[in-house]
Structure formats: C-alpha cells, structure tokens
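*Asks:* One structure, as structure tokens, below. Some questions next.
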Amino acid sequence: MSRYSAAEIEAKWQQAWDQAGIFEATREGDKPKYYVLEMFPYPSGRIHMGHVRNYTMGDVVARYKIATGHNVLHPMGWDAFGMPAENAAMAIGGHPKDWTYQNIADMRAQMKPLGLSIDWSREFATCDPEYYGQQQALFLDMLAEGLVYRKNAVVNWDPVDMTVLANEQVIDGKGWRSGAEVERRELTQWFFRISDMAEELLEALDGLENWPAKVRLMQENWIGKSRGLQFAFGLVDGFDGHDRVEVYTTRPDTLMGASFVGISPDHPLAKTLEREREDVAAFCAEARKGGTTAEAIEKAEKMGFDTGLRARHPFDTSCELPVYIANFILMDYGTGAIFGCPAHDQRDFEFATKYELPIIPVFEPLDGGAEPLPEAFVPAKSDKTRFVRGFAGDEVQTGEEAVNAAIEFCEANGVGQGVTKFRLRDWGLSRQRYWGCPIPVVHCAACGVVPEAKENLPVQLPYDEDGTPIDFSTPGNPLDRHPTWRDCTCPSCGAPATRETDTMDTFVDSSWYYARFTAPHAATPTDMAEAEYWMNVDQYIGGIEHAILHLLYSRFFARAMHITGHLPKKAIEPFNALFTQGMVTHEMYAGAETTREAGVSSDEEEGQVINAGRETRVKYYFPEDVIRFEFNGRPKALLRGAVEKEEIDAQNVIALNEFWEFERRRTKTVGEEDNALDVIPSAKMSKSKKNVVDPASIISAYGADTARWFVLSDSPPERDVEWTASGAEAASKHLARVWRIASEVANAPEAATPEADEALLREMHKAIDEVTKGVESFGFNAAIARLYAFTNTLARSGAGKAAKTGATLTLAQLMSPMTPHLSEDIWAMLGGEGLVATAPWPVADAKMLVDENVTLPIQINGKRRAEISVPHDMPKSEVEKIALAHDAVVKALDGAQPKKVIVVPGRIVNVVI
RNA sequence: GCCCAAGUGGCGGAAUGGUAGACGCAGGGGAUUCAAAAUCCCCCGCUGGUAACAGCGUGCGAGUUCGAGUCUCGCCUUGGGCACCA
C-alpha cells in the first residue's frame, strides 16, 4: 500500500481493538480508575457533527487516560424516551418503541465507524424495561423517604385536547395544536422535593472547582436565594376570618415608602372575597386569563383592583394602606402578597402611577450611597425618613447592609422575622404521555394512592397486548384510553384498582444514567460495590444548554440515591469535572426563496459556501439539531438554530408550534422560546442540502480520523467551530502527509549528523511536553497546532533513520487520542510494540526542553531593539554585560549610564534609560 | 431591568506580566509536469521605503509596571443567563 487509505485502515484497527477487548472496563487491577462520560444522545436516527465533536473530545480524554495508566470506563447509551417518538407514531403510524429502537440501531451504526473507545457491553437505552424498571424502584424508595409527593399545581390546560401543555406549547394564550384558549387549571401532579435541598445544592456549588464558573453561576441564579423580611399587615376591618396579610420583602429598608398592599388573585383572601363579591370574582377571572408563559406575562397589562380593605402600617398605625388584588403577583413566590414601594421599585412605580397612589421616597438621592429615584419623583426637599434614621442613624445605608439592619430593627420591634427564600421550585415530573417511564403507583378506592409492590416491577408500557394496538390517532394520553392496561389490583388490599397513567418527565431518565453505567445490568438500581469503585464521573462533557436543568436534576438525584442507599456518600456530587463544549456551525441558506435569489443551482459542490449575499449562519445545537420526520404525510426536517428571522421568507418557515411539540421532550428552560428558533421544511432543506454536513458522508469521503482531527483543530473546544469544506480538506491532506512521512522514514540515511539527531530529539520532547499539557487542559486546538509544527520539523529534519523512527513513533503516539486509526497504522508500520492504544504515554525529558543557547530580545525602555544569543544558563551579570555592550544599546545610551537593567533569565533583557 | 462572559490580521485562532499574530484556512509567487492532479519551496498585520529599516498596531479612554493582549478602573460593542421573584 503506497497511499493512505482511511477506509481500509480504520476498519482494520477497529477490528483489532475489538478483538483485544481493550475498551471493556473491569474492576480488576490496581490502576487508578477514570470514568469519562459524554452526555448521552437522544436517538433521533442520525448523528451529526455536534455528536462527532462531543464524542471525539470524550474519546481523546479516554484514550489519553488509558495511555497514562488508568483503568478507564467510557460507556454509551441512549436517552430514548420522549415526544418525538410519539409524534412520529401520530404522524406516520407505527409504534414509538419500534421507531426508537430502529433509530438507535441506525445511530449506533453511524457511531461505530468513528472508532470511539467505548465499552459497548454497557450500552442501554432508557426505554429498556430493565432500565426504567429500576427507575421505578428508585421512585418507590424516594417516595418512602418523602422525596416525592403529590400536590395540586397550576398548569396550562387545553380543554379541547384534554391535556396539559408545557409553557412552550402555549402560543398567544392558545394551545399549539387545538388553537383553543388555554386555561389555568389545578391538577394533582407528582413532585420531587428538590426545593428542600436548595440550600445544599447552592452551597455545594462552591466545591465544584472543575466545573465552568459560568455553569455554577447559572445554577446559583436558578436556585435564587434571597434574604428578606416576612411580616404581617393587620387589616383595619377583617373580612370573613382574615384579619391580616402576610407579606415577604427583600427590601425591608423601603418599608416606610409603602403605599399599598397587593395580593395575588390566587391568594386565600382574594378567593374568599371572590366567593362573596361579584366584582372581585370578575376581576380575578380576568386576571387569571392567559397562560403562564413568559411571553403572556410580558404582554399582560398591570391590573389592580381595590378591594376596599385597608391595612395598617406596622410602624405607623395612623397610616392605612389600600389592599389591591393585582395580576402581577404570583401566589407561588413568597407569600403571594407584597407591599408596594413605588419610589424604589419600577413595577410598583408603574402600578402606583396608574392607580394614583402616593410615591414616598425613603432615601435621599445623595451622591453615591443612595439609590437613584425615578427622576420625576425626586422631591424638592428630601424627606429623610423616620425609618432610615430610626435604625441606621443619619447614615444612609445601601444594599445588603441596609436590608440586614432593617431586618434586625424589625425583629427587635416585633415586626416579622428575617427569612430566606429560594426561587427554585419543586420539580413536577408528571407527564400525560405514553412514551415515558410509568409512575409505579396504583389508585385504590379504599386505600387511596398506593405504591406498586417492588416485585411487580417493572410496570411495563403496553405494546400491543391482546391484539389491541396503542391508539396514537387522537390527542391526549394513550395510556388513559387503553382498555385494559390501567386495570390492576391494589398491592395493599388486593381489591381491583387503577394504575397511574402519568409517566415521568424524561429528565428523570437522564438524572441517574451515569450511575447505572457502573452496573448496567444489576438487579437493583445500582450495585454499591461497582458504584463505590467507579463513581464519580471524573470528566463529564456536553453542551452548555444543559447547564441548569439536567445538571441540577442530576445533582439532586445523586443525593436522593445516597439517601435511599443506592450511591455512596462521595457520589452526591456525581460529576467531578465538567466541560461544556461549543457547537458545530455551518453557513447555509435559510430556505428555497433565499437560495434562488442567491443564484444557487442544485449542482453546486457539496458543502461549498456559494454566495455571501444572503447567507446566514445556523448553529447546530447538541444533541439534536435536526429532527427528520413526517408531518401530515409530508417529509420535514426541523432545524433548531439562531437563524436570523428576517432572512427567512415567511412561507419557508413552518409553524413554530409544530416545532415546539418536537422540542417538548427536552423541556426547554424557561424563556428559551425567545431564542429565535426557526424551522425549515426539509423540502426546502434538500434543495439547499449542501448546508447540512452529514458525518456519515464525511467519514466515507475522508475517514473518521479526518472528521475527528478537524472538529478538534480549528477552535478551542468550548467555543463554536465552523465547519468548512476547505478545513476538512486540509485535515485530510495533513493526515495523508503524516502517513507518507512515516512510510518514508525507512529511506532516511542510517547515520546523519549528531546535530540533526539532537535537534530533532529536542523538538520531540518539546512536542511531548506541549501536546500533553494541551490534552490535559482541553486545549485540543493548541495541541493540534503543536503537532502540525512538529510534523513540519520532522519532515524537514536531516536526522538519521533511528532518530526519525523514534520521532515518528512519538508523533503517532501523540496523535493517537485524536487520530487513533492512523496512529495505530504508523505504530505497526514502524515496529512499535503492541497497540499504540495501550502503549504508555511518552514522557518529556525536562533536560531536553531547554536549548543550550537561547535568543534573548533586548528592550530599551520596553521596546525591542536587538537580540543576542547566549547560553541558557549564563549568569545574569554576564548577560547584562553582553547586552550593554551591544551596538544598539551603546548607541542608545550615548555614553550615559542606564537607570536600570532587568534581566529575566531565558526570557528578556530590558535596559531602562 | 439584574447577573456573567468575550472583543487580537481577510478568516479560525496562538501567546506562565517578558520578541503579539504560533498553527491552520484563504490569497500571492515559484518548482516539478507535455498538461493536470498530487507534492515541495517562498511571501503574507497596517503605513512609508527598491531595500536595509522606521513608525503604528490586540474594541475605546485612563492607570499600575522596567515591561500590559494579559492586571485595575471607566466606557463601547457583541454573545449568554435570569426576570411581573416582591
């Protein structure tokens, strides 16, 4: 073979690894363990470049750790439950299970050629009954520990489809599918008691040193701890048993600026009033209208209703404040009631302006110190309030200080007490869906809600029992409609009973899969001995989009699993290190109209960027950028990305609601619907098909090593990388060059000059040093740049055969985490021992990293003016002497003495004149 | 509105406070070839200069330092997170 043939080589070495079984993880041996994990994919049916990048990074880490003497666990599985499968069943018939397992088979077939160091013997899908059965066992244990409970919750209810809608599925207050006005309805749902752990989940963030600061911060904000004062306003005249209104405030220092009290329409007092007064009922009905989406809230006008009730100010009993019901007050934060201080709160200010309530500043608008007031309301002569003086003297305090002083003051005066609140809510896990893990409880007329007996697990989803197909043709939960599945007996009394038909949020599935990988076939959720050995995940890699929900839920679950005896204490923070990688982007046209205007013909070359005129950039998100499906019989593809809206012709964008249905599976983080998510039909997509980079076609054209090399080479891993055809071409050429260089080593002269050998050896050790540092610090792009440089050195070196052979073997080794097949081939070609995959990582010789002679720049007043070459270990004084004798320095000094000479050994000389 | 991050050639990007622009892409020139592909060599921040060289240069403005892309402060721009959260 005289040319590098990726297809041949890659198949050959994958087979060799398989036969050697080197990626199968066992607990044997005394090597330190290392668990590397990439966020597992949703089986959409096709892998994309985002997957390639994610798994390549994980593979680099895994292979490097193998080479450095670790016992590595590197598993792969499938996040397989969720809406797309159910929608496919709805749109094209068939069963979600068949659709899913077919997709898994397809994706596995596409992933295998990448040559990943995965222990496939541990593979599972979350829709395997073996997995979700253990998840049900876990649920029952959590139920027994009080970590799960049932309560009423307000949800978006579509009265036509008779289903609960996620916030993202409510568009302009209407159900995405039915178009019916969405109602807010109270339903009984299951919840994880995650809010009880808010404090701990927050505090433990500090210990996650190897997590990106950004992710920790996002979680901190999400948990949203706040310190404030909770106290009661007494009502002047009580109403039907209500004689006080409890409020919570984070700004007790503005208490003297209170001009009204507001309560939520869902507040108990409002509900009582509603029952007895028609005008209140009418207002509350109006206020409750509209969904709970961020968009609906944004648009809603601030409305208030004066109940006529009056509240007494706790520090000024002569002051009576009106009690309003207001639509902007949420029942589920704080106490569902507030006091309004229009002078120091924008929202209260708007409300007060609208209803002509007094605006009472409590701080002077001093320079510095005091917070600025809305300009119109800075009083001519400021009224330094009694309150500020009362507890803080004349000094106007700000921020936390003022708040704490106010709390202290209030507590001392018997007005309420300081409390800590969190934004984090309990995690509602009930989904009215078929394709999810059934919640293993039974409803019994006599016993109520009864946990299913463990010996009856798994509670399996019905497939096609008794020839009764699952009915996906109509909206709602197919489990509800199933004629027999719900029927069961009560595990407690044995009487006929009904199964719970809600299934679990798919985030539950992904909250503990990392633990299951340590013992994927254990008869209990985990095997403690295995968990003790393998946990924690040493390096977790995935997309930033999971910064909050998935990672927070996993942290909660790990704690819950410890409490229920399924994980050791050390695993309550399951991911020691986290790396969030960027996306793979690619320029493209957004739709056929645009494409035609740009003058693109269909026979343009694959992947070429054709015209900059109307192109736009699309970000391919991990893990599922493109979902192919049929909708109403038409083939479509969904593309989620930052397409600039105005670039897209309206007719090319299918309805957002179709998109959201497919997105619901991954329950969007709140507010993400604002992220310009656009959807392009595949009919249009195929016309501009050249915009989609399909890993399979790249691999068949260039080979896996090229794809791997490229996705790592161009950008830092945490940043987005743009896929370009020329970049892929360059990667391919480079690998072919390395192979060629290796195959020509045999032609090198037996003996060369010792200088040439020495020089190559030094370069080699420098390369070892820098590449190792790069790989260890996720500086893959820098490591690759160093490998390019070393390759250039090697190619031009006049060293002899032995030195060149050694250098080439080392090059192959250093490249092996990124291009394992090519490296393996070169290793074998040059007589390396065994497999390069298991060969010990080369170690740089510190002595070889420093050259005998170094070039030092000479600066004069910080500007480079000359350079000298001196031995690296020459004493400072000698260096100084030589520098001062340099022509350029002598000339600049012009006979004068330098003020100062700074010599940094091996670095620089600076002469200050 | 609140919080966070990032701004370096035509492009992606290098650079423990110590020669800014490594490495790659794109571009230009050349060798090889009947020709091409492939390969190899050279140039490539801006301005002036044939050149040697000089001046300028890491978003803008200050500061610390012998020395700042890197540290501090203030702006500008872009990106991200949170949000009727009291």
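Just so you know, glycine gets a Cβ as well, placed from its N, Cα and C.
Worth saying up front: this structure is predicted, and the values here are computed from it rather than measured.
So TrEMBL has the following annotated:
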DOMAIN    A:36-170  domain 'Methionyl/Leucyl tRNA synthetase'
MOTIF     A:41-51  motif ''HIGH' region'
DOMAIN    A:220-369  domain 'Leucyl-tRNA synthetase editing'
DOMAIN    A:425-586  domain 'Aminoacyl-tRNA synthetase class Ia'
MOTIF     A:684-688  motif ''KMSKS' region'
DOMAIN    A:684-723  domain 'Aminoacyl-tRNA synthetase class Ia'
BINDING   A:K687  ATP binding site
DOMAIN    A:757-877  domain 'Methionyl/Valyl/Leucyl/Isoleucyl-tRNA synthetase anticodon-binding'
*Asks:* Within the domain 'Leucyl-tRNA synthetase editing' (A:220-369), count helix residues (DSSP H, G, I), strand residues (E, B) and coil residues, in that order.
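*Replies:* Per-class counts: 48 helix, 52 strand, 50 coil.
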*Asks:* Quick one: DSSP breakdown of the domain 'Methionyl/Leucyl tRNA synthetase' (A:36-170) into helix, strand and coil?
*Replies:* 70 helix, 23 strand, 42 coil
*Asks:* State, in range form, which of A:220-369, A:425-586, A:757-877 has the highest count of Cβ pairs under 8 Å to the domain 'Methionyl/Leucyl tRNA synthetase' (A:36-170).
*Replies:* A:425-586
*Asks:* What counts of helix, strand and coil residues does DSSP assign across the domain 'Methionyl/Valyl/Leucyl/Isoleucyl-tRNA synthetase anticodon-binding' (A:757-877)?
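*Replies:* Tallied per class, the domain 'Methionyl/Valyl/Leucyl/Isoleucyl-tRNA synthetase anticodon-binding' (A:757-877) gives 71 helix, 17 strand, 33 coil.
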